[in-house]
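Here is the structure we will look at, set down as structure tokens.
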């Protein structure tokens, strides 16, 4: 395998016949001979490209603006910038990151309805004009700090069927929307469109239909007030892995007819979205090492459900936890499932087990209960679908460092990226033949891992 670090990408370029699985196994073998068996990620950039092609096919009218907050790793942002996505930034720092990679301000939306004045001024000074708002106070701030801004009115949605609800904090009602549009007109601030977010982990695609219908109402209000609105932002909430009840294409099959009904292609309205986890969740797999182990009595398991515990119960402590990558358990309603790096014997007995992080906090529990064969200090566990809302919010609490990320890319992936960069595929094109691209996509048929039966099973998306 050749490891390249050039001006644009710092990753392992896979020789023909090698996969992301090989990189993971190679890294485990390398560190197994050292004392520092630190946790690490393998991130497959081919998986991200595959998601992009899938997006173009499923939502041909919708331009993706990647939600940087989801995973702000520089290599990820570089990759998405190279293939032409826009960017949803929530702060000055995210804008700086994106623009440092040469992304023009026209490909950025400052999608935070509540912004610090100094950061509004920063956006103004650096050419970022598109930004969201949902209150009169925000209008007044923008009028003073960035009078040439192109504002997008964030409306509230029914997010009652989402895992992570957002409308409790953001979004104007339809009644308030008219008042805000009238106030914006008085302030001579240009409102160019409407945005919404149905919530992360949306389980009912009809929520998108209602939100798109509501956006149409606000467009009509804007026309009555005197605005020529031309941008619709349908937000995020798209799944990033396949282990979900509602698949990506099930959602898009509902969105597309709604867009055609309320914003037909000849309406002149540009449509964007803010996918985050969709692009990165399945690209990342985390490898953690068991640093300690305890055999405990039933009443000492730390489980909230003692009835299913057995007399022989194990507690395993690993070198990443909820203050690190697994913060998604606390903040993103995630449920994670460990996979075993070593193949268990066919007749191996399984025991009730729990998995804990390395910090001194009793809150640092990753999996409350699962069935595992007896593991040992130095053994490895793998966690798939760990690319979204993990590394971005990880801390160094107790002095534990964030895991290193090893990026991989196959030759066909690199070639296709160059083709996209030079030809700038427009939305709606037929998906190019990626040939052997899937060999570099993490955790497909080439990587069948051994799954533990756990009470906590999946990451919500």
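Cβ coordinates come from backbone N, Cα and C, glycine included.
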Same pyridoxal 5'-phosphate site per Swiss-Prot - residue from 200, 352, 353 joining 237, 274, 275, 276, 277, 389: 200
Neighbouring recorded positions, C-alpha within 10 angstroms of residue 69 (N6-(pyridoxal phosphate)lysine) - of 200, 237, 360, 361: none
Candidate with sparsest Cβ neighbourhood (10 Å radius) among 69, 277, the listed recorded positions: 69
Inter-residue Cα distance where the pair is residue 331 (substrate binding site) and residue 360 (S-nitrosocysteine), in Å: 20
Shortest C-alpha distance to residue 200 (pyridoxal 5'-phosphate binding site) - which of the binding-site residues 331, 332, 361: 332
Sparsest-packed among the binding-site residues, when each Cβ's other Cβ atoms within 10 Å are tallied, from 274, 332: 332
Between residue 275 (pyridoxal 5'-phosphate binding site) and residue 331 (substrate binding site), the C-alpha gap once rounded to whole angstrom: 18
Other C-beta atoms that fall within 10 angstroms of the C-beta of residue 237 (pyridoxal 5'-phosphate binding site): 32
Using Cα positions only, nearest of the binding-site residues to residue 361 (substrate binding site) (237, 274, 276, 277, 389): 389
